[in-house]
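Here's what Swiss-Prot has on this protein:
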type	residues	note
SITE	168	site 'Important for interaction with integrin'
SITE	176	site 'Important for interaction with integrin'
SITE	178	site 'Important for interaction with integrin'
SITE	187	site 'Important for interaction with integrin'
SITE	201	site 'Important for interaction with integrin'
């Protein structure tokens, strides 16, 4: 079994402006510096003495020597009567090395790749009429018998980007398991509500086009859906039976703009 030779010690004064260690000529594997416990108060001349032995290089030793060199430099800094923040910063600058902090920015268009919060729900108007898909792109409001409740459409309500306030929440209303979303477009001189087919690979997304966005407002136990593209125009139903839903302006008037919402799953 190999035996470890006894280290031979000698004393030398140590000083370095560059905080470098002293190494053997053949590389950093063998090292000359070994720090022994120091009593700085006992050194009259204020110098730093290191005891030298042949030992393997250790990263922790480099840190210890760096701190000792920093202490040596501190001895040469004139002491002020009051310790201030600037003094503390100068001490830290001797011991720690600053590293740049890099902030990454992202394009808003990339946010569509992130998950969009949504819930599934059913809507009934104030007269308890349910919404059903009467044709591929037409929603109608009518009273359903118990045996026909499965005809009622289920909405996927997505929470999207918009002008959110304390009482208004921007949402998009899509039909569950269908590539159809309610949207608002101008036809002639009047905003019109329609079901628009979309690409399921792209929708829903956080940054929806404004025609798909409705500001949901809760009033007591009911909700209203105002078009974000056409303010003061609301998703409405007629008091007559089995009529298509539409965009109306007579809030609280003849047309019905308030709905009850049954949440199926958050």
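Note: Cβ is positioned from N, Cα and C throughout, glycine not excepted.
Shown on the structure are the features that Swiss-Prot records.
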residue : record                                         : DSSP (3 states)
168     : site 'Important for interaction with integrin' : strand
176     : site 'Important for interaction with integrin' : coil
187     : site 'Important for interaction with integrin' : strand
201     : site 'Important for interaction with integrin' : coil
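Ranking the recorded sites 176, 178, 187, 201 by the distance of their Cα atoms from the Cα of residue 168 (site 'Important for interaction with integrin') places 176 first. Reported as a whole number, the C-alpha separation between residue 201 (site 'Important for interaction with integrin') and residue 178 (site 'Important for interaction with integrin') equals 12 Å. With respect to their backbone Cα atoms, residue 178 (site 'Important for interaction with integrin') and residue 187 (site 'Important for interaction with integrin') stand 24 Å from each other.
The Cβ of residue 176 (site 'Important for interaction with integrin') has 120, 153, 154, 155, 156 as same-chain neighbours under 8 Å, each 6 or more residues away in sequence. Cβ contacts within 10 Å of residue 187 (site 'Important for interaction with integrin'), excluding its own Cβ and spanning all protein chains shown: 8.
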